[in-house]
C-alpha cells in the first residue's frame, strides 16, 4: 500500500501544542510531564476509547508490540525513554498496519517511508517530550491503512462526542475542521425560494424547494457556511418515461446541405421577457413549516455535516415540489441554480410554504457558499460560477460538463456520452422532470410539458449534429470570464461520459480570471473519488473549504498542488504538477506511413477502409459495444477492413502525453457525406489499472461516530492486457471548418481536416507503441448506419501531433 | 413490478382497531368519526410527517390525484364519501407507484391485483368508516415500490421517534415489532465469556470476547431477547497470510491405494481431555468496562436493533481479543459458539475484562436467543443447534454448511468451493485467525499456531480427498438428532460456494425432530436476501422472531409457508410449497444413447472422451474458468474431445425438477485412477435471471429513521442465453462405494458408479432440452493436471434419474 496525503498543513510547534490542548490530548495533568514514557501512556490512554478502566487499558496495551520482543505494556513498564522505533512500531499498529504483511519491528521507519507515512522530527533514537508531543500530533494527522487520518478514526470511535453541545464554533486540527457537531441533532428544514423566472409560463415566479441541514448550534447563534449541491436527480427520476424518449441510433448518417453560417447567425442572445411580479410578502418568520427525513445525499457532504457546515440540496426548476420546467442546462436553469445562493446572501426571498407568502430568511447563514457534486451537479456548479454570483466562494466541480455540445455532440456529429447511445437533451430533461412524480401537480401541466419536450427536440437538432443557438445557450465557455469563485476541478482521464475536453476547457478558460484553480485528474471513468484509500481527497476539500468558507488562513491555496494526477502505470501513485494541457507544451510530430507512425518523411501513398460489416457481425457489435472496442484494438479479422491502424516503433523512453493530441488528415469519402472517428492507443503488454475501482470494504469509512458511512475503494491492477485506448475524437467531414458551418463534400475528392482529440495526461511507457486507429462508425457513440462508404487517407499529407509535458 | 408478501398476518377487525390506536393512527379525536372523508384526512395528516402546518399539509394533498380529474385536496373538499377507487389511487401514490408507469387512475384495483398488493374488504364502491379503518390498516401493512411496508416507510421518516423513551415493551403491528427504541441510545458493551475449553492449550479456559448492543430501556427493567451472530470474520481477517496458504490446484490426480475402511475405523470420537479449572470469581458487577464503536454488522440485525432486540456478535476461539485457536468447524468451535448462549441463560460466567475475574451477568436477557448470519455464520448457527443448547429457540441459517466435507470435498475428490480453487480448511483457519492482528498477543503463540496449521493440513488430507476422522469431526449431520431449536433455512439454488446439498441434508435431516422448519430457496449464488424488492424477507423474519423470542402468539409458524421458492423463469415470482426434495417424489428415467437422453431403450454402444488439452488451451481455461464454463455449454470446438453431451428432445411440457438428480454410469478409465464431473443443463434460448442481483438503489432501505441503511436489490432478466447449468456433481472413480473406502481401479475395465448430483428445484420449460455433460477436469473446482486419460462410458448401461415435484 502507498499513502498520498496532500492536505497536511506544515504547523509550528507552538501551534501543535495549542491544537493538542484544544482537542484534549494535552491537559493540565500531562502538559508539563517530563517523563516521556508517562506522556506517551497518557496519549495512548486517551486514544484507547473502548477501555473504560485501567485494567482494560493495560490489556489493550498488551496486544501491541513495541519492539521485536516486548509488548507495549512491558515496554512502558521497563523503558525510561520512548524510542523512535518503539513509537513507530506502535504507531503503525494504531494505523492498522500489520507486521506480518506491512512492516517489521526492527525497521518501522523503512516501512513508514515506503508507505509514505509522516515521520516526525527527532534528534536521536529517543524522543524528547517535546518531540513526542510533535510526533503524536503528526500521528493524528497521518492516514491509516483504511484511508482515514488517525484523528478521524478516533472520531469515528466517538472521540469528539464529548464536545457535542459544548462548542460554539468549529474546532480545527492541522488546518481542517473536526466533527464536533452532533449529526443526530441537525435541523432539517424546507424553504421555497422565489426565483426571478417563470420557466413554466404560468404567470408566477417559480418557487423552488430547498432542503437544508444545519447544525443545531445555529439555533443558538452559530453562523455557518453552506455546501450547496444542485442536483436535478435529487427529488427522484423518471427512468421509464425517459427511456421511452431514447433515440434510435441505428440510422444512417445523412448528407447536410452546405451553409454559410457565421457565429453571429447562431449566437444565443437572451430574450427580454416580461417577468411576473414577485409575490407580495405576507409576514416573516424564523421557523420553517416543512421538514424531511432522508435527503438524497453526497457522502462528501455527509462528512461535513458534523464539522460545522450546513448542507443544502436543491433540484431546481421542473422538479418535485418546485415550479418550472427542465431545460437541460440553459440560462433558465442557471438562474434557478443560483437563486438559493441569492437567498443565502439576502438578495432573494424564500417562503415557508407555497401558499401563504410568509418569508423566511437565512438568518443562520454566514453568507459563504461552496457548490459540490459530480456530473450534472458539477455542471450546475460551473454554470453558477459563470454568473459571478455574490457569496459563491468556490465550486468543487467533479466530472462536470462545461459545454453541453461537448456532452451530446462533437465535430458536427451526434456523439453519445459513453454508455448511453440515444440519449440527448430531451431524454435528460424528461428523466429529471420529477414534477411527474406528483400526479396532482403534473396533471395541471401535462400538455405544456409535452410541448416543452418538443421544443427541446427541435432545438437539439439530432438531424444535423451541428452547433446552433440551442447549444450556444448551453455553452458555459461564453461566460467563463465572469467566474470570480475559486474553482476546484476533479475529472477522470478515462471519463467517456463527460469527456475530458469539458474540464480542459474550464481549466484553460479561466487562467486569467484571477481566481485560484486546482485540478485532480484521476484514472477513473465517471466516478466520485472521496472514498479512495490512496489519496486524502476529503482532507484536501476540508482544508480548501475551511479556508474558503470559514475564512481560516490555513494556507490551503499554497499547500494544495495546482494539478494532482493519478498515474496510469503505478497503482496508488498521485503526483503534483504545476499545470496541465498547457498550450506551450512541446510537441512530437508523427507522419503516417503504411501501418506506421514515424518521424521519418513518409512516401506518397493512400490507405482505405470501408465502413460496412456483414449483417450478423454488424448486429453482434451493435448489441455488444464492449466487445467491439476490444476487437477493434485487437485487430480482429471481422473488423479488419473497417479501419486503419498505425503504430510507432517501440518507444525508447517513457513519454508523458499532456494535453490535446491533434490530427491533420487529408481524406476522401466515396459519398457526399462522411464521418471519421479516431482512437489513440497505448500498445504494449502490461498489467493496467482496472476500469472501475475495486471495493476494498463496504461501509468502512465512517464520516464520524454513529453516522453515515462510505465504501472504501481503490484502483487496482487487472490482468495483463495488450492495449488501452488513451483518447479519441470524431468529426463530420462536412464540418471541416467548425461545428456550425456545413461544408460541401464531393465524393472521392480529398479534403484537409484537423481534429483535436480529447485531452489526456498519459504516461506511455518505454517499449510500448503509440497507436492511431482511424475508422468511422463508433458503435458506442455515433449513429450506426452500416453504410457502404469507402474512406481514403492520403498518408503523406497526414500527421499526428502529440503534446508532451514540459 | 410484482410484490410478494408472506408475512402478512390475518387480523380481526377489533385487533386492527386496537393496533391502530396503539400506534397512534386512531386517537380520541378520530376514533368515533362518522364522516369517512374526515377520517381519511386525519389518517393522511398523520402520515404526511414532513408537513408541520395545515397550509403545508394542504399543499401536499394537492400533489396527489384522487381521480382522473381531481387532486386529493379537491376530492376531500368535494366528496361526501371515500370511494374505493380514490382511496387506492392515493394508496398507490403513497406506495410510490406512478400513473405513468404502474397504474391508471380509472382502474387502480386492476394494478393492485397485478402488482399483488393487498386490497381491503369493501361492500360497495365506497368505504364505510369501519372499512376505511381496515383499509388504512392493510395499507400500512402493504409493501411499497421500494420493498418496504408503508408503516416501515413512515418509520424511516420518523413516525416512531415520538415513542422513544416512552415504551416499556415492544410495540407490535400486524404481528411484527416496530422500531420504537432509539438506536442512537443503544448500550454497547463487551464481555469476556469463559468457555469450557482450552483450545490453545495454555492451561487456562478460553476467554471469548462478545460485543453486545442492547436497547437503553434494558437499563430500566426491560428484558430482551438476543439475535446472536457468531462470525469468525467479525474481528478482522488475514487476507494476505491466508492467501499464502492457498494450495496449488494445477497438479495431477494420483492413484490411491485401495483400503478396506469401515465407518467405525474413521469415526470421530471426542477425546476426554482434562479441562483447566474455571477462574475463581473475584466479585460481581452489573456494569461493563469496555465498549466499542462500530461492530461489523449484518443489516438484518440492524433492522431489529430499534425493535426491542439485543444483538450480539462473537467471533469465537482464535479471534482478536479472544483466546484459543481456529479449527474450521470442529467440536471445539461449536463449544466456543454456544458459550455466549450459556452465559445468556446463566449457565456460564463472563467477566468484565481478561484480568480481574469480576463477573458480569446477562441480567437484561430474557434468556431467549436466535442465531443469524450467512455462510460460516449460518454454519455455526447450525452447529450450535446440534448441541440442543438451552435458550436457543431458533436459528436462521443462511447459505450454511452442514458438513464441511460437502464444502471442501466431494466423492473422494478435493472439490473447491466455487470461485475459490485451492482453498481448504487450513486457509480458512488462517484467514479467520484474527489474533494475528494483535501482535502483542500473537507474539506469545506464534509457534503453537504454526503447529495448529500443520495439524489441520495433515487432518484435511488433500492428497486423498477421502472422508476421514478430521472431516467426521466437522460433519454436523451426526448430531442433527439433537436439534431442538426451530430452523429457518435460506439457500441459493445457484450457490456453488456452499453447495445446495448442505441445506438439503439439513432440511431432510431434521424432519422427525419435532421442530418447526422453514426454507426459502432463491435463485442467487452465495448472497443475503434481506434487501430484495420482491419478497418481504425482513418482515418474515420479524414475524418469526416475534413469535420465537418474544413469545407472542402471532401464528408465525402457520402463516409462513414451509417452502418458498423463487422461480427461475419469471422474475419477482416466489411460490409456496409444502416440501422440497422429498424422497417420495416421482422420477423420470432417461437412457443415454448416442448424444441423446431418451426414454426409449438404448442400443449397445460406448462413447469416449480424453481429458487433455493442448498446452495453450489448457492455460487459457486454467486462467479463465468463467469462459471455460461458457465454452463447455456451447460445445466450443476446443473442448469437443474433452466431454460428452447428451440432450433430450425438446420437452412437450414444463417440468419442475425437485431434489437430487441421480446418475447411474458404467465407465472405464485408461489409467488406474480417474475422476468424473457432471453437469445437468437447461438448453433453450431464453432470457434468464442474471447471476447476481441488480442494485436498484443504493442505501435506499432505511432500517428506521436516521439509522443504518441497506441497498435495495432484485434479480433481473439478462440478455438471451442458450443454456444454463442446473446442477453438477463429481466423483473419484476409486470411491465407488463411499467417500472413505478406496476401491481398486483397473485400466480399461468398466465399473458401475452412482452419483447424486447437488439437489435443485428447477422449472424447466416446455421446448427446452434437458442436457447432461460428462467430463473430468472441472476447471473451477477439481485439480487441473491436464492428464492424458481416456474415459469410456457404456451408454446402454447408464441412466439419468430425474425427480419431479409431486
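Using N, Cα and C of the backbone, Cβ positions are placed for all residues, glycine too.
Whatever TrEMBL says is automated annotation, not expert-curated.
Going by TrEMBL, these are the annotated features:
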- A:1-159: domain 'X-Prolyl dipeptidyl aminopeptidase PepX N-terminal' (DOMAIN)
- A:375: active site, charge relay system (ACT_SITE)
- A:495: active site, charge relay system (ACT_SITE)
- A:526: active site, charge relay system (ACT_SITE)
- A:542-801: domain 'Xaa-Pro dipeptidyl-peptidase C-terminal' (DOMAIN)
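Neighbour list (residue A:495 (active site, charge relay system), Cβ cut-off 8 Å, at least 6 residues apart, same chain): A:399, A:418, A:524, A:525, A:526. Cβ neighbour count for residue A:526 (active site, charge relay system): 19 (other Cβ atoms within 10 Å of its Cβ, all protein chains included). Cβ neighbours within 10 Å of residue A:375 (active site, charge relay system), excluding its own Cβ and spanning all shown chains: 22. Residue A:375 (active site, charge relay system) falls within neither a helix nor a strand when secondary structure is assigned with DSSP, and so counts as coil.
Residue A:526 (active site, charge relay system) falls within neither a helix nor a strand when secondary structure is assigned with DSSP, and so counts as coil. Over the domain 'X-Prolyl dipeptidyl aminopeptidase PepX N-terminal' (A:1-159), the average per-residue pLDDT in this prediction is 97.
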